[in-house]
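S.K.: Taken from TrEMBL, the feature substrate binding site applies to M50, A198. As annotated by TrEMBL, ATP binding site applies to R125, T171.
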Amino acid sequence: MIQTAFDASRGWDALARLRQQAPLVHCITNYVAMDVAANALLAIGASPAMVHAEEEAADFAAISAALTINIGTLSPPWVRGMELAIGSAAARGTPWVLDPVGAGATPYRTGVAADLARRHPTVIRGNASEILTLAGEVGGTKGVDSTRTPEEAREAASALAASLGCVVSVTGAVDHVTDGTRTLAIHHGDPMMTRVTALGCALTVITGAFLAVEKDPVHAAAYALAFFGLAGEMAASGSIGPGTLRVRLLDALYILDTQTDKQLRIQPVA
Ligand SMILES: Nc1ncnc2c1ncn2[C@@H]1O[C@H](COP(=O)(O)OP(=O)(O)OP(=O)(O)O)[C@@H](O)[C@H]1O
Ligand SMILES: Cc1ncsc1CCO
Ligand SMILES: [Mg+2]
């Protein structure tokens with residue numbers, strides 16, 4: 001399939017808009033991720049709020065520029081909060097992201113992920129095992145960790161995106177974003193990122209921030225992946241291990257524009 005040339009340099013304009021607008025991102029995320037995800041949003045220039053109570057989830061979604069839903073530490077009251085927030089976002093045309101953490105690990109988790117996926121998320125962001133599971137295949141998830149690669153999940157991601165009418169963002173060594181027609185591969189990141197928990201969850205909320213400032217959800221998801229991966233590379237270089245990387249990642253998100261190499265490695269996949 002021939003795709004029109006993708007101008008990755010426009011990612012820098014999206015980053016500038018993000019920093020200028022500082023969008024409020026409503027995050028319903030897990031206990032593990034709350035700290036690093038909120039700090040990642042602040043570091044890149046957005047405004048995070050971690051709000052999950054069913055009593056206020058709909059009202060909070062109504063005042064936010066984007067909503068992100070992550071099922072990492074789910075329970076029935078949390079799921080009710082998620083459903084109310086999603087309904088409120090949908091009523092206002094607010095973009096929202098689903099992170100199906102650990103889909104495939106237990107029937108409850110898989111069922112909730114599948115149900116939320118049918119509620120028209122703008123983007124589903126997950127690792128390869130989670131995306132394969134949502135697509136109805138054997139995902140091979142190891143708890144919340146993936147045992148598969150985005151390349152192995154490529155066809156499934158594309159079919160899932162087409163059937164749900166959303167964008168699917170699959171992470172791993174090389175990340176892929178697809179809407180079922182257009183597919184982009186993002187060549188950024190560092191293997192040490194898999195040794196720090198909840199970086200996928202942090203990427204999910206940053207995807208929400210880019211959706212608030214970039215209309216095309218394929219591009220928004222790709223920019224989030226490229227900048228988060230680039231920050232991961234900057235942080236990993238010189239880090240002796242995951243502890244240092246985790247701290248330096250926040251610094252790297254803050255100083256992304258000091259990069260002299262402005263080439264984002266985002267490529268269309270034929
Ligand atoms: N092998 C790898 N090499 C380079 N970057 C990687 C690698 N694996 C993951 N990443 C990067 O790490 C980030 C998180 O992706 P990952 O697939 O680990 O998410 P996840 O499994 O949902 O994580 P978590 O559940 O811990 O939040 C992404 O930016 C991704 O590009
Ligand atoms: C480790 C862990 N357990 C539930 S959610 C989470 C964060 C990474 O997905
Ligand atoms: Mg995850």
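Glycine residues also receive a Cβ, built from the backbone N, Cα and C atoms like all the rest.
Please treat TrEMBL annotations as automatic predictions, because they have not gone through curation.
Since the structure is predicted, the reported quantities are computational estimates derived from the model, not experimental observations.
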S.K.: In this structure, which of the binding-site residues M50, A198 has the fewest other Cβ atoms within 10 Å of its Cβ?
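M.R.: Looking at the binding-site residues M50, A198, the Cβ with the fewest others within 10 Å is that of M50.
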S.K.: For R125 (ATP binding site), what residues in its own chain, 6 or more apart in sequence, show a Cβ-Cβ distance under 8 Å?
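M.R.: The answer is V97, L98, D99, S169, T171, G200, L203, T204, T207, A221.
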S.K.: Would you identify the secondary structure of A198 (substrate binding site) according to DSSP, in three states?
M.R.: coil
S.K.: Could you check which of the binding-site residues M50, R125, T171, A198 have their CB within less than 6 A of ligand 1?
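M.R.: Checking each Cβ against ligand 1, the ones under 6 Å are T171, A198.
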S.K.: For the binding-site residues M50, R125, T171, A198, which sit with their CB under 6 angstroms from an atom of ligand 2?
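M.R.: The binding-site residues passing the 6 Å Cβ test are A198.
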